[in-house]
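**Student:** Heads up, here are the entries from TrEMBL:
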{"type": "DOMAIN", "residues": "B:20-222", "note": "domain 'Cytochrome b561'"}
{"type": "TRANSMEM", "residues": "B:14-34", "note": "transmembrane segment"}
{"type": "TRANSMEM", "residues": "B:54-75", "note": "transmembrane segment"}
{"type": "TRANSMEM", "residues": "B:87-108", "note": "transmembrane segment"}
{"type": "TRANSMEM", "residues": "B:128-147", "note": "transmembrane segment"}
{"type": "TRANSMEM", "residues": "B:159-181", "note": "transmembrane segment"}
{"type": "TRANSMEM", "residues": "B:201-221", "note": "transmembrane segment"}
2 protein chains.
Amino acid sequence: MEGMPVSMGGLRTLPWYVAGSQVLGVASVVITGVWMGHYRGGYAWDGSTQEFNVHPLCMVLGLVFLYGDAVLVYRVFRNESKRSVKILHALLHMMALIISIVGLVAVFDFHSAAKIPHMYSLHSWCGMLTFVLFFIQWLLGLGFFLFPWASAQLRSWYLPLHVFFGLLLLVMAVGSCLLGITEKLLFNIMETYSRFTGEGVLANILGLLLVSFGVVVGYVVTRDDFRRPPNPEEEALSVHFKTLSEGEIPSSP
Amino acid sequence: MEGMPVSMGGLRTLPWYVAGSQVLGVASVVITGVWMGHYRGGYAWDGSTQEFNVHPLCMVLGLVFLYGDAVLVYRVFRNESKRSVKILHALLHMMALIISIVGLVAVFDFHSAAKIPHMYSLHSWCGMLTFVLFFIQWLLGLGFFLFPWASAQLRSWYLPLHVFFGLLLLVMAVGSCLLGITEKLLFNIMETYSRFTGEGVLANILGLLLVSFGVVVGYVVTRDDFRRPPNPEEEALSVHFKTLSEGEIPSSP
């Protein structure tokens, strides 16, 4: 996506977008917690539906909120060293990974205890695809960018793919959450959903908040004038060397 | 998204991505048609569930396939005049708009005849939001880019937003379709869905095909070296003047 010249919009709006994303992200986590805690009977770890309730909370917290914040760090910490920001990016993604694994174990446990077949729904297909691709992307990210294993050529080849798949996986995570919301509502309140009951409206609002979080994060990371400024000294030392095409600015994830 | 230097990947792969997108798009439309035609009793226009069946077919054909192709024209017709490509872009979007209006009328008719409340589900909220934003974006696109109403400044301000929202709306359209697939399956085959019945698996595959179509279109339009080459003569005559920031290439939607 091409951006406006800095003079027309510029960096002064960035903090507002970042603050907005955090309000939307925290609201999504809180509403998921309230939905499962208040309307669906709370949390447990015993194979019951209370164990299932851990699943939505972990996925929204891990694969949406923390994942989105991991994506944002390159825009938020514009003037820190690239290496520190990379480590923070990897750590946030590791937290997202661990929390989403807990969320996955919760739903598989619940299905096994309740003798419900695994992996039959579109939600499960999309969600598992998102998780597996996220895990692969995280491993590749470590290997290519954090450790000095890959050649500069390989890194510069992978970087635009890492950026594209990074944003794609956030979109797929949000989409999988929306499918999960729809499934959960139709399994539990199919009879009353069409009467605009509190639970149904709350869950729909949660869906819109998740979409809004994804939109704001996507806008911040694709807008040209929010991009991290290239630091010539760092660029010379690190992998982010200039590409061969004339006048091109080195890529920053 | 930053791209590779042209020498490393380049334009020779573009036709393969475009062909792939068309295979995925046509397959999505055909599978939707088969699902509604074979498993759900075919089509009619009488307020029955056969009228409902028109809805998924129109939305997949209009808001996903034709919409996606309208987005792709700037990459496919790289050497035609900008004005011709703009007109094709607007016409494809107009077809998408008309077909999706037919699809919306079908589902509202069906709900009214069956005394089902309108607009209570997350699918309906996301789908309607997508349609309304698409309609606004289409009107703004006409006003800003096809007719000489907007100033050059306004056009250059709106262009990156038009590009961002254009891709966002494709993502939202695909997401809304997936929510619709999940709703339809749980309304009709909740008892047998978990036994991996033919209809359930077919509809899940449709969901993955729609996601894949969106991913390929998104990749093609965000990859730097697939971008339409700037034509200095056209640029001088048209709205796509150079932005003020140093060395920046004028934006092409």
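Keep in mind that glycine also has a Cβ here, set from the backbone N, Cα and C atoms.
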**Student:** Under 8 angstroms for C-beta pairs, at least 3 of them, ignoring pairs fewer than 6 apart in sequence. Is the transmembrane segment (B:201-221) in contact with the transmembrane segment (B:87-108) by that rule?
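**Tutor:** No, the stretches stay apart by this measure.
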**Student:** Mind checking which residues reach the transmembrane segment (B:14-34)? Cβ under 8 Å, same chain, six or more beyond either end.
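**Tutor:** Apart from its flanks, the transmembrane segment (B:14-34) reaches 56-57, 60-61, 64-65, 68-69, 72, 75-76, 202, 205-206, 209-210, 212-213, 216-217, 219-220, 226.
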**Student:** Over the domain 'Cytochrome b561' (B:20-222), what does the predicted model average in pLDDT?
**Tutor:** 97
**Student:** Considering only Cβ pairs within less than 8 angstroms, which of the stretches B:54-75, B:87-108, B:159-181 has the most against the transmembrane segment (B:128-147)?
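**Tutor:** That would be B:159-181.
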**Student:** Counting only residues 6+ away from its ends, which parts of the chain sit with a Cβ under 8 Å from the transmembrane segment (B:159-181)?
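**Tutor:** Answer is 55-56, 59-60, 63-64, 67-68, 71, 121-123, 126-127, 129-130, 133-134, 137, 140-141, 144-145, 203-204, 206-207, 210-211, 213-214, 217-218, 221-222, 240, 251, 253.
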